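What Swiss-Prot annotates here:
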type     : residues : note
REGION   : 1-42     : region 'Disordered'
COMPBIAS : 22-42    : compositional bias 'Polar residues'
REPEAT   : 106-136  : repeat 'PPR 2'
REPEAT   : 141-177  : repeat 'PPR 3'
REPEAT   : 178-212  : repeat 'PPR 4'
REPEAT   : 213-247  : repeat 'PPR 5'
REPEAT   : 250-284  : repeat 'PPR 6'
REPEAT   : 317-347  : repeat 'PPR 8'
REPEAT   : 352-382  : repeat 'PPR 9'
REPEAT   : 383-417  : repeat 'PPR 10'
REPEAT   : 418-452  : repeat 'PPR 11'
REPEAT   : 485-519  : repeat 'PPR 12'
REPEAT   : 520-550  : repeat 'PPR 13'
REPEAT   : 586-620  : repeat 'PPR 15'
REGION   : 771-801  : region 'Type E(+) motif'
Amino acid sequence: MAGSALPLPPPPPLSLQSPSQNQTRHSSTFSPPTLTPQTPSIRSRLSKICQDGNPQLARQLFDAIPKPTTVLWNTIIIGFICNNLPHEALLFYSRMKKTAPFTNCDAYTYSSTLKACAETKNLKAGKAVHCHLIRCLQNSSRVVHNSLMNMYVSCLNAPDCFEYDVVRKVFDNMRRKNVVAWNTLISWYVKTGRNAEACRQFGIMMRMEVKPSPVSFVNVFPAVSISRSIKKANVFYGLMLKLGDEYVKDLFVVSSAISMYAELGDIESSRRVFDSCVERNIEVWNTMIGVYVQNDCLVESIELFLEAIGSKEIVSDEVTYLLAASAVSALQQVELGRQFHGFVSKNFRELPIVIVNSLMVMYSRCGSVHKSFGVFLSMRERDVVSWNTMISAFVQNGLDDEGLMLVYEMQKQGFKIDYITVTALLSAASNLRNKEIGKQTHAFLIRQGIQFEGMNSYLIDMYSKSGLIRISQKLFEGSGYAERDQATWNSMISGYTQNGHTEKTFLVFRKMLEQNIRPNAVTVASILPACSQIGSVDLGKQLHGFSIRQYLDQNVFVASALVDMYSKAGAIKYAEDMFSQTKERNSVTYTTMILGYGQHGMGERAISLFLSMQESGIKPDAITFVAVLSACSYSGLIDEGLKIFEEMREVYNIQPSSEHYCCITDMLGRVGRVNEAYEFVKGLGEEGNIAELWGSLLGSCKLHGELELAETVSERLAKFDKGKNFSGYEVLLSNMYAEEQKWKSVDKVRRGMREKGLKKEVGRSGIEIAGYVNCFVSRDQEHPHSSEIYDVIDGLAKDMRGDSFLTTLPTVTPSLELDE
């Protein structure tokens, strides 16, 4: 058994020449003599050839030896490892076991082979070597034990819980443990998430009078950062300072200490460590810049970046520029982005692809997707990341059609779609509510057998937004409890809310809690709109309390959702209180509050908050302008609204969308300036060919009794009716005819709707009782007590038809009610 070969997989193809080719090439300098293991210079020659980076020549020399000794086997194995060919090193070990069973392996053989196993992460081979050394090597040295520990640490993953103790067992079997063994053990505990134990073992090492090395601190600092104790961090860092310059000047230790304090949220201490470092390399600079970026100290990160590139002592690398690009992206300032782009271009003869990709991301996040596309088009060479970056930029900026076209072009250019491309495709399908593209993408995933983390949540979200909630439900139920992660639960909750199934929203939320899946900010932000839909402030308050207990109420998305919920539920005072208590505000928070003011007819407050938002340095986006224009419309602030509309185009360079045009049309129509609204829409030309825009105009005609204009608008709307359900507009026109008692016209409209197969959308009502939501649809029979409910309704209807009740009713004009 001891002499059996390793169970090795086939090696990857060598990027080396065949022996015959090499023999020809080196014929002038090398002709293998007849060698024996006793040739004095053979080991040194073999070692020298490997050191010179010519492992193929070393192999030819080794193959010429009839019976290599253990020392020569060790030399060739180590030589191939040093030349980054660990797979081939393992093959030499296997060959040694097969062809030279009587050649004894020593400590160097095993330690070298175990190193090759660690580098290839070949656990099966590593275990085989472990068995070999147990059978063949009676007294393993510390070098072998250290290599064995390192192999297991490298090959085992954190989830391999059944082999948690194997590293510890090897460690405990060592008679004399040096600092290398302790370091490996500490790193293993950190890797497997046992950070407290890692810190404890460091303390035991100190008590055993084993002096820690710089690597000891590099390994233990990440464990200290997880402890959330700055006091403990100060103790470990203070110990490192006491040990002297060898540790203080070690730049890996410095970088690790900077990261440790940053993870604890103590940025000032990170900066103190950085400033105390006299000789810094680029890794130390990058670590400190990265700390600033990750903690949103964006101005400081850019200042430090400028200081780094201005230093004559160091040369900035790609990571430095990537970190700076991330900072500029987060600041979302296009002008700063342009300056950074120009600066980077001056510092590189030819920009590396990775930096060009980061420039595309930067422009995209600054809201200048056309600049991103310009960078993309200027690239001489693109990789799959370049294509995915540009596709994602289009989708994230609302240019979903352009993103889809680029996917098609990407395939034409010979690039394969990966999971990142698929996520962009699914997002585009969700945004466009395009179920066909979504289904095709889903089918592609199934055909290609592609699986990636979060795939189910993307699919559920896509089908939900496309109105195919039943398919979403099937995917959710088919996944099983074990496979459902937090994102999957959130997608299903959000899907039910978006499709108006509020009772199922709360049902899934309860099941989520029962399965001990901890809700996060996305969960709460997804479920709060359901409270708005049923108008339940009490249920909203319960969720507000839940978010406070879970420390989620100050999350910017949860805070915005709470403001929105209270506003839509009619509790505008609660919405104001929530807004004022929110410490961190972004454009979403402001937009939600502005929208709330608008819905409650508080247009002046909405405009005041809009101005306050601008003064605070938060740039309003397209949605913010929709909110403030809506507020002006609801409050009749026409002049103010038109002024803001012009400001949007000229100052913020935001191109109006159909929603902005609808706001202006509605704004003019509400105050009776219907003809002016009509001229505005007509003047838009091709941009005005939007059903919602003309539908808004039709609503204004209904409000002010402009029947003649309504007929003109209806004719225009009919041109948009390409198999879509525009029953709402038809009903509106029919009701106008009914008010004018033009019954023939009413009948004509109804007949036309029936011929088209149009139906009035069914009304849906909900009521929350004792924490449970009961939903009702017109003529619904699904409720278990529907017969009793309809009996009560019939009784109420009879009472309402009584003489005493009818005398209190005003005279009304009949309106169109279609059969459901």
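Every residue gets a Cβ built from N, Cα and C, even glycine.
Most Cβ pairs under 8 Å with the repeat 'PPR 6' (250-284) belong to 317-347, among the candidate stretches 106-136, 317-347, 418-452, 520-550. Taken residue by residue, the repeat 'PPR 5' (213-247) breaks down under DSSP into 29 helix, 0 strand, 6 coil. Taking Cβ pairs closer than 8 Å, the repeat 'PPR 15' (586-620) reaches residues 332, 556-557, 559-561, 563-564, 566-568, 572, 575-576, 579, 627-628, 630-637, 640, 644, 652 in its own chain, all 6 or more past its ends.
Sequence-distant contacts of the repeat 'PPR 5' (213-247), counting only residues of its own chain at least 6 positions beyond either end whose CB sits under 8 Å from a CB of the stretch, comprise 179-180, 182-183, 186-187, 189-190, 195-196, 198-199, 202, 205, 253, 256-257, 259-261, 263-264, 266, 269, 273.
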